[in-house]
Amino acid sequence: MAITMRTLVAFVFTIFFIISFVHSRTTTSGYGMLFDSVACEGGFEYCPRGGGNDKCTTFCRSLPNKYDFGVCDKIYACCCHINV
């Protein structure tokens, strides 16, 4: 009985491991990623102190790559993003 119970527990853990591995695996490029393309442009003029995401977004939309929006990071650089 103990060998059967031990085998059953090992089998159940093996099944859980296989399911979690397959479930978290990426099968296509870009799947599961928040952004496909990111470009950070340094420039204090686009990200004033205390934010400035609106000015950054305006700048990013004017670029040739037509980014969707911009976000100011902690060093006041404007990072432009394209949604997936």
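Including glycine, each Cβ sits where the backbone N, Cα and C put it.
What Swiss-Prot annotates here:
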type     : residues    : note
DISULFID : Cys40-Cys80 : disulfide bond
DISULFID : Cys47-Cys72 : disulfide bond
DISULFID : Cys56-Cys78 : disulfide bond
DISULFID : Cys60-Cys79 : disulfide bond
SIGNAL   : 1-24        : signal peptide
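Just so you know, of the disulfide-bonded residues Cys56, Cys78, Cys79, Cys80, the Cβ with the fewest other Cβ atoms around it within 10 Å is the one at Cys79. Proximity to Cys80 (disulfide bond), judged by a C-alpha distance within 10 Å, picks out Cys56, Cys60 from the disulfide-bonded residues Cys47, Cys56, Cys60. Listed in sequence order, the disulfide-bonded residues near Cys60 (disulfide bond) (C-alpha within 10 Å of its C-alpha) are Cys78, out of Cys47, Cys72, Cys78.
Counted within 10 Å of its Cβ, the other Cβ atoms near Cys60 (disulfide bond) come to 24, all protein chains included. All chains included, 21 other C-beta atoms sit within 10 angstroms of the C-beta of Cys72 (disulfide bond).
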